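TrEMBL has this to say about the protein:
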REGION    487-510  region 'Disordered'
TRANSMEM  21-40  transmembrane segment
TRANSMEM  52-74  transmembrane segment
TRANSMEM  81-99  transmembrane segment
TRANSMEM  105-126  transmembrane segment
TRANSMEM  138-159  transmembrane segment
TRANSMEM  214-235  transmembrane segment
TRANSMEM  298-318  transmembrane segment
TRANSMEM  340-358  transmembrane segment
TRANSMEM  370-389  transmembrane segment
TRANSMEM  395-417  transmembrane segment
TRANSMEM  429-451  transmembrane segment
TRANSMEM  457-480  transmembrane segment
Amino acid sequence: MWWDERVSARFRRNLQPTLTYWSVFFSFGLCIAFLGPTLLDLRCQTQSSLSQITWVFFSQQFCLLLGSCLGGVFKRTLAQSLLALFASSLAISLVFAIIPLCHNVVVLAVVMAVAGLAMGCIDTISNMQLVKIYQKDSAIFLQALHFFVGFGALLSPLIADPFLSDTNCILANGTANASSNLPHIRKSLVPHHPGNLSHYDLPMKGMVVTRVSYAFWIMALINLPVPIAVFFLLYKERMVPCFNGSSHPLLSADELALETRPGDKDELSTAGQRPHTAAAHEDLFSCCQSKNFRGASYTYFAVHITGALVLFMTDGIVGEYSGFVYSYAVEEPLSVVHKVAGYLPSLFWGFITLGRLISIPVSYRMKPATMVFINVVGVLITFLLLLIFSSSVVFLFVGTASLGLFLSSTFPSMLAYTEDILQYKGCATTVLVTGAGIGEMVLQLLVGSIIHDRGSYSFLVCGMIFGCLAFTFYSLLVFFHRMYPKPSPELDEDSPDKAAVPEDTGQYQR
């Protein structure tokens, strides 16, 4: 194997929980990308206007952000985390099954809000648990985790495509005129952002003709093994509520001792005997309690803030670019035909998924800090070249692919880097996930209003500004990293900090 035996041994010891967290993130990806291509059929199903149905996007995104903030609440024990993941992944299957039964747009928005809460919990908890298990080796496993998001996000539109209506799915007077606009409207409904569709007139009353229900039921069945996998992990760990037996490690103490390094054996024993005096990953509200700030240096806060701001910018770029690149391409001076421009969001997400796959082996050989540096510099250079060659359709496609590659591994690399700076204490995961979610929502709204006022060229100018800010915040993060206090070499097994954060035991955290 291309990684060393120590990492391979840790992966084998934690194979079932790792695969479970990866599969749960597949549910996240499956749920995040289906809404765009199916929204017109859902409009027909609910017999609502385009302006009404696009509120479903907002309900999902807002509750996803809320779920990311609340996800840390369930981190206190492994049982709470797994139960929350089981409920969230099961909720996503139920949402897919229920959507075809929603014939009112308000009911649909409520159902999608539930899906958003589940997705937010999955986002925070899965990242936290993998960081807890692998700590300094977490970068490679976080890259794989985020690959499964992209894989799910690519799969769900492919499942939905055969069942989408080729013509307007509400048959009424004027259907022929409305159907001529349908391809343009559908291509505008890209993941995360519905675009400005208020000027399109589609019938709201008449006979509904759509087969999109089959797509949702297929996705519900595809997702069903995920909550089953989480349940099996709960059962194996004796954490199913109806079982009151004592919980046991995934491997016995003797098996764990055989697979750890010689120096880790005593450390594992000490960690098991000492109480955990330092909580390692708080929810957002617990993070803000004043008791957690006592004795903390200003660099502690600075690392959290600058790390979150980098992801605020980079995840915001992902949202605004995927949401507006189609609209930018069809406007002057490029004037790309609608069918060709429709491939741009798919190209962008495809290269994000490819980049995450490539980043799995790369992250083993390269430090997370180096990967983040390459990412933010690559984003900056790509936007600069897009501005220089703004009249070239070919370079727009090349730049879109390049941007997807550079943005693909930013989040997991930044998470691994920041957690490593803080020695896997503090609130890094929760703060970073929340910052990324806020950036994705806020920058979409900001760029949308700027494009409306200033024209399509401002789309690339905004991207360049956000890229510069991301690089600036990363530079500040590196500066605060150098000033952040290093762990004391005198820290031994009698130190509560040592007991609280076992370095390389590979033990499945409870």
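Backbone N, Cα and C define each Cβ position, glycine as well.
Curation does not apply to TrEMBL; its annotations are automatic.
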Stretch with greatest number of CB pairs under 8 Å, the transmembrane segment (81-99) reference, 52-74, 138-159, 370-389, 395-417, 457-480 candidates: 52-74
Selection from 105-126, 395-417, 429-451, the stretch that has most Cβ pairs under 8 A to the transmembrane segment (138-159): 395-417
Residue numbers, six or more beyond the limits of the transmembrane segment (370-389), whose CB comes under 8 Å of its CB atoms: 139, 310, 314, 317, 359, 362-363, 395-396, 399, 402-403, 405-407, 409-410, 413-414, 417, 460-461, 463-464, 467-468, 470-471, 474
Interface present between the transmembrane segment (429-451) and the transmembrane segment (52-74) (three or more C-beta pairs under 8 A): yes
Top Cβ-contact partner of the transmembrane segment (429-451) among 21-40, 105-126, 214-235, 298-318, 457-480 (pairs under 8 Å): 298-318
Outside the transmembrane segment (457-480), six or more residues from its ends: residues with CB under 8 Å to it: 299, 302-303, 306-307, 309-310, 313-314, 316-317, 320-321, 324-325, 327-328, 369, 372-373, 376-377, 379-380, 382-384, 386-387, 390, 417-418, 443, 446-447, 450-451
Beyond the flanks of the transmembrane segment (340-358) by 6 or more, those residues with Cβ under 8 Å of it: 33, 143-144, 146-147, 149-151, 153-154, 157, 183, 187, 190-191, 318, 321-322, 325-326, 329-330, 396-397, 400-409, 412
Tertiary contacts of the transmembrane segment (298-318), as residues 6+ beyond its ends and Cβ separation under 8 Å: 352, 372, 375-376, 379, 403, 407, 410-411, 414, 417-418, 421-422, 426-428, 431-432, 434-440, 442-444, 463, 466-467, 469-470, 473-474, 476-477, 480-481, 483-485
Tertiary contacts of the transmembrane segment (395-417) (same chain, 6+ residues out, Cβ under 8 Å): 127, 131, 138-139, 142-143, 145-146, 150, 307, 310-311, 314-315, 317-318, 321, 325, 329, 334, 336, 344, 347-356, 358-359, 362-363, 367-369, 371-372, 374-376, 378-379, 382-383, 385-386, 389, 428-429, 432, 436, 477
